[in-house]
Amino acid sequence: MDWLILLKALLLGIVEGLTEFLPISSTGHLILAGDLLNFNDDKAKVFTVAIQLGAILAVCWEYRERLVNIIRNLGTRQANRFVINLFIAFLPAAILGLLFIKTIKHYLFHPMPVAIALVTGGILILWAERREHRIEAETVDDMSWKQALQVGCAQCLALIPGTSRSGATIIGGLLFGLSRKAAAEFSFFLAIPVMFAATFYDVYKHREFLYIDDLGMFATGSVAAFISALIAIRGFIRYISHHDFTLFAWYRIGFGLIVLLTAYSGLVDWSVD
């Protein structure tokens, strides 16, 4: 295994883990990072999807006690309500993804659309933060099915790379009456079925690019994603306990503008093919 490939896998794994659960778009960052590292062929695209498993497992580990309790208490009203809400929120993006993902990947999975989505998403976060929030659900257990559906519809925006799945669901949650912590935690829980389904579906469709010789590359990226995602989740929950999402909005806007400016100035040759 080429050491340069392993280094790229390590860097992309760290990028995936640090950005997956923050409202800054992991897909957008991976597309841009892959372009800079010249790691954007078909095998690389499967790799960036597969290493999401590391990030998913980080959520499962961080909330393992809660997940075990839900499984043990299936059949009770509270546990059933939580599972049903997750299923309701999962459906909109799953349906739209199956219908339009090929078209979206063909036209939008490139640096320039990502940069535009980063800036647009940042502006929307600033707008959402300036709205008055009426909290109707302090915890995920207080959520109604209607709020779950609304968050699920908001998640559909994340099909556009650069938008951010966590950003769309968290900000959507705030707009629809969830507390900051409830919005963030529901976003984390919702990531489990969404990312598992998307990862296995995409990897299965591109299984011809999977080889035993690449096991080291996939393992390196997945472990890096797991560790960095665990750090990001814990830090993010602590941060939003005392702050809003304005910092992430300005980061998105700044990063997106840098990509656009470097592209149009010719300083960086972002690929568009």
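Keep in mind that glycine also has a Cβ here, set from the backbone N, Cα and C atoms.
Going by Swiss-Prot, these are the annotated features:
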TRANSMEM  4-24  transmembrane segment
TRANSMEM  43-63  transmembrane segment
TRANSMEM  82-102  transmembrane segment
TRANSMEM  108-128  transmembrane segment
TRANSMEM  183-203  transmembrane segment
TRANSMEM  217-237  transmembrane segment
TRANSMEM  248-268  transmembrane segment
With the transmembrane segment (82-102) as the reference, find which of 43-63, 183-203, 217-237 contributes the most Cβ pairs under 8 Å.
183-203
Counting Cβ pairs under 8 Å to the transmembrane segment (108-128), which of 4-24, 43-63, 217-237, 248-268 comes out on top?
248-268
I'd like to know if the transmembrane segment (217-237) touches the transmembrane segment (43-63) in this structure, counting it as a touch only when three or more C-beta pairs sit under 8 Å and are separated by 6 or more positions.
yes
For the transmembrane segment (217-237), sequence-distant contacts whose Cβ falls under 8 Å of one of its Cβ atoms, 6 or more beyond its ends
1, 5-6, 9-10, 12-14, 16-22, 47, 50-55, 57-59, 61-62, 181, 184-185, 188
